[in-house]
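I have placed the structure first, in the form of structure tokens, so that the comments after it can refer back to it.
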Ligand SMILES: O=C(O)C1=C[C@@H](OP(=O)(O)O)[C@@H](O)[C@H](O)C1
Ligand SMILES: C=C(OP(=O)(O)O)C(=O)O
């Protein structure tokens, strides 16, 4: 699972014929992580269909196995026998989360309060990301933390005899921090409350309620949410059908908007309002996206999307929308490169602490491919060229992806509509969140080749 710079597999995307066809997007990554975690914790059987089988989620499954859950697959269904809440076992070896921030941070919340030692490790990207945001509230609950300077991996946690419930205000917009504290609250007597000033994805709240936890959510007039969870609940296994990932959907969706003549349909996309900021933004830009058969499935909003090639116009994306499209900014920046005028993305400081510094990586990739942009501390402005003329690299210069799957996929989408090809230095990380990406895009008619570029 560990990917270093050795063995990198570059990939090149070229201007493509119109994209067409109907595709089903693999399961949502956020819900898949939580399905393994809560299924592994709850008593009895959890059955999951539609699970994302990406490397990130498999790492979470392995961690749950290491703490006593039994996980197997029969046909298309993952079947989990959980330990029962409060009954996780001490893992015998460090838990390796590879590239996955979500798996690592949520499991810190899950295992950290137990009166045993858990060590967390990951790849070079994850080892450079800040863990202090989760370690700080865990310390307040009585958890002992060992880590290198600045709260980076490897981290070792040891919980107290009995964790203390807390009231914690999350300092940044982060579903991972919110979730880690709520999950830690499962193993503390009394009520744990998390306050978030900006609503982030609410899968933890919804899913824990589905597993039998008792939650109370109050929302202030300004949108601030106070989420309280009753400690030490009995959690019971349940049945989950994971809807398609809107963050993965973003790639074929933007590709179809950009490649002239395209008309595609994407089935079964999660439309939870905490995840739809990109669709809202692209429709504002003039994107022809039809939301078809909007329905409710397993407590979530789901729809099919018909997407046609569109003439896009630049917009100002409001900062308060950032949380609902946080992983989609790299591919939005690519859409903006083909839009008329300027697109301004503000309030995106959190992009600096993802799998890479995405603000810097996107700006560098845009410049390398002749797209005019300005990078500020928490803002990116992109000036587009609707025809795609001049965009790309005739010399085959490769975008540096820094072990970041979304940077790789975003720039491959760019190459499908640009005058010159676009090359990324490493496509391997795509398997962390969207292993089917290459096949799915090829099925729509996209021209993407993997492997070393032959010199011209
Ligand atoms: O809770 C989650 O499942 C996620 C939360 C977000 O991270 P932050 O909480 O760090 O914003 C997002 O970027 C990540 O891909 C998945
Ligand atoms: C930020 C992401 O994931 P994680 O934080 O789980 O590594 C992502 O998938 O874009």
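A Cβ is built for glycine as well, from the same backbone N, Cα and C atoms used for every other residue.
Remember, TrEMBL labels are computer predictions, not curated facts.
There are 23 other CB atoms within 10 A of the CB of residue 327 (active site, proton acceptor), with all protein chains counted. Summarising the annotation, TrEMBL assigns active site, proton acceptor to 327.
Taken residue by residue with DSSP, residue 129 (phosphoenolpyruvate binding site) is part of neither helix nor strand, so it is coil. Sequence annotations record features per position, and here TrEMBL assigns phosphoenolpyruvate binding site to 29, 101, 129, 176, 358, 406.
Among the features that TrEMBL reports, 3-phosphoshikimate binding site is placed at 29, 30, 34, 174, 176, 327, 354. Taking all protein chains in view, 25 other C-beta atoms sit within 10 angstroms of the C-beta of residue 29 (phosphoenolpyruvate binding site). Secondary structure at residue 29 (phosphoenolpyruvate binding site), taken from DSSP and collapsed to helix, strand or coil, is helix.
According to TrEMBL, the domain 'Enolpyruvate transferase' annotation covers 15-439.
Residues or ranges marked as region 'Disordered' by TrEMBL: 1-26.
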Within the chain of residue 101 (phosphoenolpyruvate binding site), which residues six or more apart in sequence place their C-beta under 8 angstroms from its C-beta?
126, 129, 176, 354, 355
For the region 'Disordered' (1-26), what are the same-chain contacts with Cβ under 8 Å, counting residues 6+ beyond its ends?
50, 52-55, 59, 96, 98-99, 123-124, 244-245, 248-249, 252, 255-256, 259-269, 309, 388, 396, 398, 403, 408, 411-419, 421-429, 434-436, 438, 440, 443-453
Say you check the Cα of residue 34 (3-phosphoshikimate binding site) against those of the recorded positions 327, 358, 406; which is nearest?
327
Out of 327, 358, 406, which of these recorded positions is nearest residue 174 (3-phosphoshikimate binding site) by C-alpha distance?
327
In whole Å, could you give the widest CA to CA gap in the 3-phosphoshikimate site formed by 29, 30, 34, 174, 176, 327, 354?
19
At 10 angstroms around each C-beta, which of the binding-site residues 34, 129, 358 has the fewest other C-beta atoms nearby?
129
I want to verify one value. Collapsing DSSP to three states, which class is residue 176 (phosphoenolpyruvate binding site)?
helix
In angstrom units, rounded to an integer, how far apart are the Cα atoms of residue 358 (phosphoenolpyruvate binding site) and residue 327 (active site, proton acceptor)?
9
